[in-house]
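Inspection log for the structure reproduced underneath, given as C-alpha cells.
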Amino acid sequence: MTRIALIGGGRIGEALLAGLLDAGRAAKDLVVAEAVPARAAELEELFGVRVTTVADAAEGADIIVVAVKPADVDAVINELATVDIDAEREQLIVTMAAGIPTSRFEPKLPAGFPVVRVMPNTPMLVGEGMTAVAPGRYAKESHVELVRELLTSVGKVVTVTESQMDAVTAVSGSGPAYFFLVVEAMMEAAVGLGITHRTAKTLIVQTMIGSAAMLERSGDSAYELRAAVTSPAGTTAAAVRVLEEKGLRSAFIEALRASRDRSAEQGAVNE
Ligand SMILES: NC(=O)C1=CN([C@@H]2O[C@H](COP(=O)(O)OP(=O)(O)OC[C@H]3O[C@@H](n4cnc5c(N)ncnc54)[C@H](O)[C@@H]3O)[C@@H](O)[C@H]2O)C=CC1
Ligand SMILES: O=C(O)[C@@H]1CCC=N1
C-alpha cells in the first residue's frame, strides 16, 4: 500500500487524514509531521497515526504531502532538501499550499524530483472534497495518476495546468467558506423571521443539498434551475431583485478576483 507522509497536521491536513481513514486506508500507512507538540498528540489520539519528524516521515513515504501555511513552506522545503528522498525510489511530493508554485520546490530537491501541486478543500473530511491537480516540471503522467487516485478516494478530482491554480483556489479551495457564509446569512434571516434555529438549519442545509443535487444530476444550468423556481411576480422574484440590487453578483466576481490575487501574492513572497 502507498505510504503517505503528511507534513502539517492543521485543518486541511486533518480533513485529508480523516477522509483517507474513512475511505479505508490503514492508519499504519499514514505518518504525520506536526510542529506543535500538543497538536501532534491530538492527532495521534484522534486518528491513531504515528507522528514523527519531517525527515523520518519523508524518508519512509511514497507520497510526501506538504500541508503547512504558505509562509512555512520554505522552511519545510529546506528541511526536505537535507533528507534522504529519491525519485528513483518512486517518491513524490504533493503540495497543497495556496499560491506556492512547484518551481519553489524543484531547485532545492534532488535533480528531477517530481512535485505535484494540488488545491483541495475541507469537504475531503466527509469524502466530498474537490481537488484540482497540476503537475510540476518533473512530474510524469504516472505521478499525476497516483495523486488523482489518492484524492479520488476523498472526493472529485480534476487536472488543470499550474497557471490555473490561483483561480481554482479562489473557486473551490476557498469555496466552502462562501457557502458557509451564505448559510450564516440565511440562518440569521430565518431566525429573524421567527423560525427556530434548529428548524432553520434543517430547512437551509437540505435546500442546499437538494439544489446541489439538481445541479449535478439534471443537466440544466444554474440559470435554468433558478428560472424554474422564480414564478412571475412571485416570492423568489422579490428576493432575487433585492439580492441583485445589493450587488450579490458583482460581490462574488470581485471576491473571487481578490482570492485569486491573494493566492498569487502568497506565491510571489520571497521569490
Ligand atoms: N484550510 C483550507 O481549507 C485549505 C488550506 N489549503 C492550504 O493548506 C495549507 C495549510 O492550511 P491549514 O491546514 O488551513 O493551516 P493550519 O495552520 O491549520 O495548519 C498548518 C499546520 O502545519 C503545522 N506546521 C507548520 N510548520 C511545520 C513544520 N515545519 N513541520 C511540521 N508541521 C508544521 C502547523 O503547526 C499547523 O498545525 C496552507 O498552505 C493552505 O493554503 C489548501 C486548501 C484548502
Ligand atoms: O484561506 C486560505 O488561504 C486557504 C487556501 C484555500 C482555502 N483556505
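Heads up, the Cβ atoms here are built off N, Cα and C, so glycines get one too.
Annotated in TrEMBL:
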type    : residues                   : note
BINDING : ALA67, VAL68, LYS69, PRO70 : NADP(+) binding site
DOMAIN  : 3-99                       : domain 'Pyrroline-5-carboxylate reductase catalytic N-terminal'
DOMAIN  : 162-265                    : domain 'Pyrroline-5-carboxylate reductase dimerisation'
Other C-beta atoms that fall within 10 angstroms of the C-beta of ALA67 (NADP(+) binding site):
27
Within 8 Å of the centroid of the Cβ atoms of ALA67, VAL68, LYS69, PRO70, which other residues of that chain place their own Cβ, given that this set defines the recorded NADP(+) site?
GLY8, GLY10, VAL66, ALA71, ASP72, VAL73, VAL76, MET96, ALA97
Within the domain 'Pyrroline-5-carboxylate reductase dimerisation' (162-265), count helix residues (DSSP H, G, I), strand residues (E, B) and coil residues, in that order.
89 helix, 0 strand, 15 coil
Summed over the domain 'Pyrroline-5-carboxylate reductase catalytic N-terminal' (3-99), the DSSP helix, strand and coil counts are 46 helix, 19 strand, 32 coil
Counting Cβ atoms within 10 Å of each Cβ, the densest environment among the binding-site residues VAL68, LYS69, PRO70 belongs to VAL68
So what pLDDT does the domain 'Pyrroline-5-carboxylate reductase dimerisation' (162-265) average out to?
98
